[in-house]
Amino acid sequence: MMGDLTTSFPATTLTTNEQPHVVVCSGAGMGHLIPFLNLASTLSSAPYRCKVTLLIVIPLITDAESHHISSFFSSHPTIHRLDFHVNLPAPKPNVDPFFLRYKSISDSAHRLPVHLSTLAPPISAVFSDFLFTQGLNTTLPHLPNYTFTTTSARFFTLMSYVPHLAKSSSSSPVEIPGLEPFPTDNIPPPFFNPDHIFTSFTISNANYLSLSKGIIVNTFDSFEPETLSALNSGDSLPDLPPVIPIGPLNELEHNKQEELLPWLDQQPEKSVLYVSFGNRTAMSSDQILELGMGLERSDCRFIWVVKTSKIDKDDKSELRKLFGEELYVKLSEKGKLVKWVNQTEILGHTAVGGFLSHCGWNSVMEAARRGVPILAWPQHGDQRENAWVVEKAGLGVWEREWSSGIQVAIVEKVKMIMGNNDLRNSAVRVGEEAKRACDVGGSSATALMNIIGSLKR
């Protein structure tokens with residue numbers, strides 16, 4: 001069966017004027033879905049004008065995924081939807097449900113050729129999540145597969161190095177030629193355990209990255225210059241294909257206007273702190289209360305997205321009960337407590353002057369695009385290395401120690417980031433560089449145009 005599949009997709013030769021047909025294969029969870037929706041939208045629009053098929057992994061886990069996918073296809077009628085069903089294992093105690101889904105996708109990727117064989121016109125290339133790397137690169141070796149990583153170039157380097165990392169101890173920083181060392185505190189502990197579910201599918205896919213046509217990253221040249229240079233020089237990981245920055249990707253426009261915009265319109269410029277820890281970071285009730293008391297004492301206006309569960313369907317908390325009546329009233333007098341916002345609209349408003357963030361990579365790129373300074377409070381996964389990138393690039397500061405306690409530290413850190421003109425100017429510079437990269441003729445826009453152009457030769 002595998003032998004037949006590998007010959008079913010010969011490389012497609014197009015004339016200069018033909019429209020390439022590309023398949024975009026997203027992974028799981030909002031952190032993976034959002035950049036893939038942005039990529040699909042970008043590829044289908046001018047100046048790239050590809051015919052796009054967007055592969056959606058079924059079943060979905062969160063309500064947010066369902067909502068975004070439905071909205072996306074309503075606003076992009078020319079993009080074809082292709083569902084790819086995987087079998088989810090039964091929930092396991094103390095195992096992240098997203099890890100289970102990631103593994104099911106990785107284990108099912110070898111079945112993709114059967115689904116792709118139904119598509120017309122012939123496929124010119126695939127842009128796929130890291131989770132599909134082994135399955136696509138072994139079953140469709142003649143079809144160009146661009147692996148799209150949804151994290152920073154620096155953390156992607158670490159993921160690519162996991163096959164070696166899992167054999168080592170965690171006692172000393174990880175050194176990869178051409179790059180600053182990776183402190184062990186920044187590395188997810190599972191990476192040192194080859195038997196961990198997350199590490200096992202990371203190793204399986206990392207071992208086949210060399211067969212990808214290229215690695216595309218939602219970053220830009222001036223944001224991670226040392227990492228990109230080291231990867232493309234061949235000094236760091238010599239078996240990798242070209243690593244191509246194409247970000248920050250254009251973001252989707254939402255039909256529904258953010259309900260908090262009228263409130264923001266009434267606030268002074270750069271006076272509001274936006275607080276969000278992403279779609280998968282659920283804080284404990286004690287952490288939430290400590291942060292709430294700190295924000296109340298900081299005397300700063302804010303918008304805070306409060307999340308108490310990794311999966312939105314499971315979040316049944318009532319904010320008034322969570323904070324208690326007295327603290328809830330005090331917080332509501334100074335800011336807004338919500339469970340969801342349109343983050344890009346919030347960050348783009350002139351009243352927003354800072355972002356207390358977990359440093360998920362989508363959030364970092366959205367802040368970079370708008371020049372909003374970040375106070376980094378990474379929680380898990382890639383976030384500590386992303387915070388390292390944020391600080392090095394001049395977009396924000398990473399306060400590594402909260403020794404005085406969350407409540408006291410929040411007061412200090414919030415006042416620092418909201419009143420630091422040097423940091424604000426540096427973040428504005430990053431925003432200008434991001435805009436130049438994705439404008440016509442910029443480094444990221446040109447890189448993506450070159451990829452599409454190569455499909456026509």
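Glycine is no exception: its Cβ is also placed from the backbone N, Cα and C atoms.
The secondary structure of H32 (anthocyanidin binding site), as reduced to three states from DSSP, is helical. Residue environment of H32 (anthocyanidin binding site) contains 24 other Cβ atoms, counted within 10 Å of its Cβ in all protein chains. Residues annotated as anthocyanidin binding site in Swiss-Prot, with similarity to another entry given as evidence: H32, G381.
Here Swiss-Prot flags H32 as active site, proton acceptor, drawing on similarity to another entry.
Around the Cβ of D129 (active site, charge relay), a 10 Å sphere holds 27 further Cβ atoms from the protein chains shown. Among the features that Swiss-Prot reports, active site, charge relay is placed at D129, with the record citing similarity to another entry.
Mapped onto three states, the DSSP output places W361 (UDP-alpha-D-glucose binding site) in helix. Long-range Cβ proximity for W361 (UDP-alpha-D-glucose binding site), meaning a same-chain Cβ under 8 A and a gap of 6 or more residues, is found for G31, T150, T151, S152, F155, N218, D382, N386. Look at Swiss-Prot and you will find T150, V341, Q343, H358, W361, N362, S363, E366, D382, Q383 tagged as UDP-alpha-D-glucose binding site, backed by similarity to another entry.
The recorded positions near H32 (anthocyanidin binding site), taking a 10 angstroms Cα-Cα threshold over the set D129, Q343, S363, are D129. A sphere of 10 angstroms centred on the C-beta of S363 (UDP-alpha-D-glucose binding site) encloses 25 other C-beta atoms. Looking at Q343 (UDP-alpha-D-glucose binding site) and D129 (active site, charge relay), their Cα atoms lie 23 Å from each other. The C-beta environment of G381 (anthocyanidin binding site), restricted to residues of the same chain at least 6 apart in sequence and closer than 8 Å, consists of P188.
In the three-state DSSP reading, Q343 (UDP-alpha-D-glucose binding site) counts as helix.
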